[in-house]
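Peer 1: Quick one: the structure is below, questions incoming.
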Amino acid sequence: MATNSKSGNSIESARRTLAARLQSAGIEEAALDARLLVGAALNLDLTGMIAQAARRLTVEEAARLEQYAQRRLAHEPVARILGMREFWGLPFRLSEATLVPRPDTETVVELALEIFRELPTSGRRPLIADIGVGSGAILLALLHEIPEAFGVGTDVSLTALGTARDNAAALGLSDRSGFIACYYAAALSGPFDLIVSNPPYIASADIANLSAEVRDHDPHLALDGGHDGFDAYRALIPQAAERLAPGGALIVEAGQGQAQGIETLLTAAALIVDRSPRADLSGMPRAVSARKMPA
């Protein structure tokens, strides 16, 4: 039968060959991408790939792997090819309306958790909002870590909201989360103990200079921050400030060179900037926060 036909390459040979092709095409992390794509094409985890390294691929497996290879060689991100990405140790399904969650954004989660532990006990269930929720990565990571909290995510994209709902269900968090279609925080009432956001912050003119993986595959609605990259911050910060509980905190992701400008907007919204921005693994200020005056 065709399903039992074998191609010429072993699993290990296929992995090495693909890694070399990706490296020759100038793709970073070629070895990792090759391992992930081979594993996906064969439905094997790393342990299975090692255990079956000498097994030859079936014709169907080889064809599927070649389809994945051609997509990656065209600079489609691995996460888009696989339709999912891990964030904060949790799996998130993606759609065309959501960004691929990136490790840098985990800095927002880290800072939000640190600040949450400092918040005074209010005697009520903690409330978290994620403005521009996308796949739900930030909000659902926080709910995973704060089991007593309830979270609300907003987005203007109905497709993104559907993706976030699906991820909440897959993670067992549907009963502690809700999702609303609106412009930033316009439909929220609060008061919220934490509000988080990874808004669009790329200056419009800079989008053309982004890597093909981002420019051609991430939704521009989630990237384009207007002429100076600050349009979303100017819109969401005043809305968020009005909806914070006394003593509550707003944490936003920042792009390169934006932290100081964001702090100026936070201060203008009568929020208190009480700590330095949190740097990501590259040392760039990535998460900026401020609090509402306690009662």
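Placement of Cβ uses the backbone N, Cα and C atoms for every residue, glycine included.
Straight out of TrEMBL:
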{"type": "DOMAIN", "residues": "14-83", "note": "domain 'Release factor glutamine methyltransferase N-terminal'"}
{"type": "DOMAIN", "residues": "124-206", "note": "domain 'Methyltransferase small'"}
{"type": "BINDING", "residues": "GLY132, VAL133, GLY134, SER135, GLY136, ASP155, ASN198", "note": "S-adenosyl-L-methionine binding site"}
{"type": "BINDING", "residues": "ASN198, PRO199, PRO200, TYR201", "note": "substrate binding site"}
Peer 1: Measuring Cα to Cα, how many Å separate GLY136 (S-adenosyl-L-methionine binding site) from PRO199 (substrate binding site)?
Peer 2: 13
Peer 1: To test your reading of the substrate site: which residues beyond ASN198, PRO199, PRO200, TYR201, same chain only, put their Cβ within 8 Å of the Cβ centroid of those residues?
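Peer 2: Same chain, not in ASN198, PRO199, PRO200, TYR201, Cβ within 8 Å: GLY132, SER197, ILE202, ALA222, LEU223, GLY225, ALA232, TYR233, VAL252, GLU253, GLY255.
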Peer 1: Using the CB centroid of GLY132, VAL133, GLY134, SER135, GLY136, ASP155, ASN198 as the S-adenosyl-L-methionine site centre, which other residues of the same chain sit with their CB within 8 A?
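Peer 2: Going along the sequence, the neighbours come out as THR98, LEU99, ASP130, ALA137, ILE138, LEU139, GLY153, ALA160, ALA164, ALA222.
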Peer 1: Spatially speaking, which of the binding-site residues GLY132, GLY134, ASP155 is closest to PRO200 (substrate binding site)? Use C-alpha to C-alpha, please.
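Peer 2: Sorting the binding-site residues by distance from PRO200 (substrate binding site), the top entry is GLY132.
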Peer 1: How do the residues of the domain 'Methyltransferase small' (124-206) split into helix, strand and coil according to DSSP?
Peer 2: 28 helix, 23 strand, 32 coil
Peer 1: Ranking the binding-site residues GLY132, GLY134 by other Cβ atoms within 10 Å, which is at the bottom?
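Peer 2: Taking GLY132, GLY134 as the binding-site residues, the minimal 10 Å Cβ count falls on GLY132.
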Peer 1: How long is the line from the C-alpha of ASP155 (S-adenosyl-L-methionine binding site) to the C-alpha of PRO199 (substrate binding site), rounded to the nearest angstrom?
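Peer 2: A Cα-Cα distance of 10 Å.
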Peer 1: For SER135 (S-adenosyl-L-methionine binding site), which residues of its chain lie six or more apart in sequence with Cβ-Cβ distance below 8 Å?
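Peer 2: Counting only residues 6 or more apart in sequence, the Cβ neighbours of SER135 (S-adenosyl-L-methionine binding site) under 8 Å are ARG85, PHE92, ARG93, LEU94, SER95, THR98, LEU99, PRO101, ALA160, THR163, ALA164, ASN167.
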Peer 1: Taking just the CA atoms, what is the gap between TYR201 (substrate binding site) and GLY132 (S-adenosyl-L-methionine binding site) in Å?
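Peer 2: That comes out at 12 Å between the alpha carbons.
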Peer 1: Under a criterion of Cβ-Cβ distance under 8 Å and sequence separation of at least 6, what residues of the same chain contact PRO199 (substrate binding site)?
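Peer 2: Those within reach of PRO199 (substrate binding site), by Cβ under 8 Å and sequence separation of 6 or more, are ILE131, GLY132, GLY225, ALA232, TYR233, LEU236, VAL252, GLU253.
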